[in-house]
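Annotated features, as they stand in Swiss-Prot:
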- 39-149: domain 'tRNA-binding' (DOMAIN)
- 403-478: domain 'B5' (DOMAIN)
- Asp456, Asp462, Glu465, Glu466: Mg(2+) binding site (BINDING)
- 700-793: domain 'FDX-ACB' (DOMAIN)
Amino acid sequence: MKVSESWLREWVNPEWDTNTLAEELSLAGLEVDGIEPVAPAFTNVVVAKVISVEKHPDADKLNVTQVDIGADEPVQIVCGAKNVVAGMKACCATVGAVLPGDFKIKKAKLRGVPSNGMLCGANELGLPDDGVDGLHVLPADAPVGTDLREYLDLDDQVIDVDLTPNRADCLSIAGVARDVAAIGNVPFKQPFDNVTVDKSGDCSQSVNVVDAHGCPKYLGCLVDGYDTTAETPSWMKQRIERAGLSPKNLTVDITNYVMLELGQPMHAFDADKLQGDIQVRMAHPNEKLMTLDEKELTLKADTLVIADDNGPVALAGIMGGLNSSVSDTTTRLFFECAHFAPLSIIGKARQYGLHTDSSHRFERGVDAFLPEKALERALQLFTEIAGGRVSNLVAVINELNLHQPKAIQLRPERIVKLLGVEIADNDVEAIFKRLNFKVEQNASGWALTAPSYRFDMEIEADLIEEVGRVFGYNNLPETEVQAPMRLPTLPESEQELYLVRKALVNRGFHEVVTYSFVEETLQQKMMPSIPYLCLQNPISDDMKAMRTTLFPGLLQTISYNQKRQQNRIRIFESGLVFTRYNEETQQTPVIGGAIVGDLNPANWSGENRPVDFYDLKGDVETLLAMSHVQDKVRFEPTEFAIFHPGQSAALILNGQTVGLMGQLHPGLVKSAGVSGKVYLFQMDLATIMETKVPAAKPISKFPEVQRDLAFVVDAELPVQKLLDAIDHVQSDILKAVEIFDIYQGEGIEETQKSIALTLKIQHQDRTLQDEEVDQLIEQVILKAKEQVNAELR
């Protein structure tokens with residue numbers, strides 16, 4: 001929100017300079033991003049009138065002018081501007097003036113003709129571009145001799161206020177002024193009288209509000225018989241420009257001016273272009289509308305529109321249609337001033353690639369009781385400038401759907417609890433009265449009702465924030481911390497998340513943080529069987545679904561980096577995923593990662609290879625090795641929609657799936673925007689947050705026996721199944737089983753494979769006997785045969 005300081009000071013005028021005003025606004029939560037002067041420094045430039053213009057005797061492109069600058073005698077100025085004519089009002093830098101760039105005006109002779117000053121264009125004074133090739137033309141009623149800085153209010157400053165979404169009430173000069181008045185405890189004064197414009201004409205335009213939830217209030221009236229040549233006054237154009245908008249024509253400028261002044265967006269239709277009744281309704285699927293920016297839209301059924309008998313004429317609260325726009329030939333106007341519910345506007349502008357000042361305000365919320373005042377103000381300005389006859393008001397109001405402020409209880413002890421300081425009851429009441437709240441004292445504190453424009457007030461904490469803002473956070477005394485200071489401790493069996501993250505960083509991963517909201521279509525493709533939540537008011541359509549997995553965010557990060565020539569990527573993220581079962585929302589902490597590209601960074605040896613499934617499995621096993629379930633988690637082949645059917649596995653713990661990993665399905669590579677073979681994993685954090693308690697154990701001093709066994713098994717049998725079978729052998733001397741070969745080929749049937757294992761056998765307290773070792777080997781062979789039908793090769 002760009003705020004003209006001089007305009008603001010017409011409403012409220014604290015005894016603060018510009019910098020102090022900006023600082024106080026920032027401390028009160030209206031953060032000031034910057035302060036810009038409306039014009040650079042220059043001196044001795046006045047309003048002048050060109051009396052006569054004659055051609056220069058020795059220069060075809062120069063003119064000799066006589067100029068009235070408000071002195072006793074006119075001055076002669078040689079001028080090269082193409083648009084200089086007798087009778088015009090212009091900006092004149094007198095002798096002694098200093099223009100931007102330290103350009104000093106002196107008496108001079110141009111081609112032998114004396115020149116005592118300089119007639120200036122807008123660019124020479126550092127003023128906004130007026131689109132004129134030549135002199136900056138001033139209004140005919142500009143008083144000759146007046147200092148230009150005073151006449152155009154060029155000592156004004158534009159304060160850029162960055163508002164948070166909940167402070168939509170400050171998207172106007174009046175809104176910011178209300179806060180300044182409360183903060184500074186100074187009077188708030190409206191600089192214009194509340195005038196009710198005479199409405200003696202008959203309104204032939206009927207209005208039918210079909211969707212009363214989306215539009216609980218619609219006001220309008222016709223204006224005709226006005227001066228169609230009337231132009232926007234320079235003071236109004238100036239204020240509109242300083243707010244960051246461009247003047248268009250009188251009608252549009254007045255609606256924009258009222259929006260900037262009071263915060264109520266408005267729209268004006270060419271009444272002669274409207275056919276039949278105005279209807280406020282939802283769009284019919286695939287209806288067309290050409291907007292004012294000449295963009296044809298195909299409307300969706302969830303879009304609120306203003307329509308006539310021929311179809312839509314405006315996107316409600318967003319932008320008007322070209323088919324009903326006001327032009328230089330318009331003789332009858334229909335002014336619309338409505339209240340649109342935020343839920344009916346949120347996201348609709350972005351849905352069509354639009355963002356307007358109107359949608360910006362309606363999305364955040366506008367005072368439901370402001371349209372009456374705003375319409376009267378617009379009609380007052382219009383009739384004062386252009387005259388005309390105003391019809392009676394057309395009003396369609398559904399009181400039940402209007403936001404009604406509710407009383408909120410405020411307790412003194414809660415103020416102390418949240419702000420850390422006790423504020424006198426009288427001061428609390430004074431603060432809320434300055435904020436225009438209705439204050440009622442009761443046994444437990446106060447019942448406070450916010451004014452209609454403060455629809456962000458919902459709970460007690462909101463009220464306490466207001467107390468802190470207006471009292472001044474910088475006025476809160478410093479207090480010592482009251483809580484006992486002690487370092488948090490974890491049981492020895494629990495490990496902190498940062499250790500898990502550090503383990504991945506040590507393996508070459510980079511940590512990322514992605515949004516919890518993802519594209520609905522992509523999520524459905526990746527996890528079609530998992531119920532998910534959708535946001536009612538998403539930031540954008542591609543951030544509508546709450547993630548059920550970390551994979552969409554990880555893949556978007558990979559896509560972003562691959563487009564920037566980063567081909568070797570190893571990333572991980574820890575966070576919540578959201579699912580919905582039996583009408584209940586579940587939030588599960590998980591950790592996930594992704595790898596793609598070469599295994600190692602480029603190095604001088606030139607030896608490298610692409611990552612594969614087993615590289616990722618090694619990363620996952622590193623995390624499992626930190627936990628107490630390292631030996632209990634099993635990797636079992638399975639199929640997920642997101643993974644390649646032959647390159648995926650589930651992590652199974654006690655019969656439950658606690659994680660999954662695999663290669664991204666080739667059919668999803670394009671829609672995910674990535675290239676190459678991407679490998680992903682995700683597991684529940686709870687699985688690895690409990691670790692083994694370290695226990696010292698002496699190393700056996702006695703010889704270790706190693707025996708190699710090769711088993712022939714079914715070719716489809718996972719190796720883990722064979723290892724699990726051997727694990728069922730009850731023995732204290734079997735220390736480890738390691739795979740050293742898997743073979744398929746000559747001597748083995750096509751439907752089988754050979755798995756070669758090394759068994760490490762050792763007793764803790766004595767040397768083993770051959771009989772003990774042989775007995776163990778027999779048990780291993782027997783278990784392998786019983787459980788997986790393995791034959792000793």
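Placement of Cβ uses the backbone N, Cα and C atoms for every residue, glycine included.
Positions of Swiss-Prot features highlighted on the structure.
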residue : record              : Cβ within 10 Å
Asp456  : Mg(2+) binding site : 17
Asp462  : Mg(2+) binding site : 16
Glu465  : Mg(2+) binding site : 17
Glu466  : Mg(2+) binding site : 24
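For the Mg(2+) site, the Cβ centre of Asp456, Asp462, Glu465, Glu466 serves as reference, and the other residues of the chain with Cβ at most 8 Å from it are Asn166, Arg454, Met457, Ala461, Leu463, Ile464, Arg469. Residue counts for the domain 'B5' (403-478) under DSSP, split into helix (H, G, I), strand (E, B) and coil, are 33 helix, 14 strand, 29 coil. Broken down by DSSP into helix, strand and coil, the domain 'tRNA-binding' (39-149) contains 6 helix, 54 strand, 51 coil. Secondary structure counts, DSSP: the domain 'FDX-ACB' (700-793) has 28 helix, 32 strand, 34 coil. When pLDDT values are averaged over the domain 'tRNA-binding' (39-149), the model yields 93.
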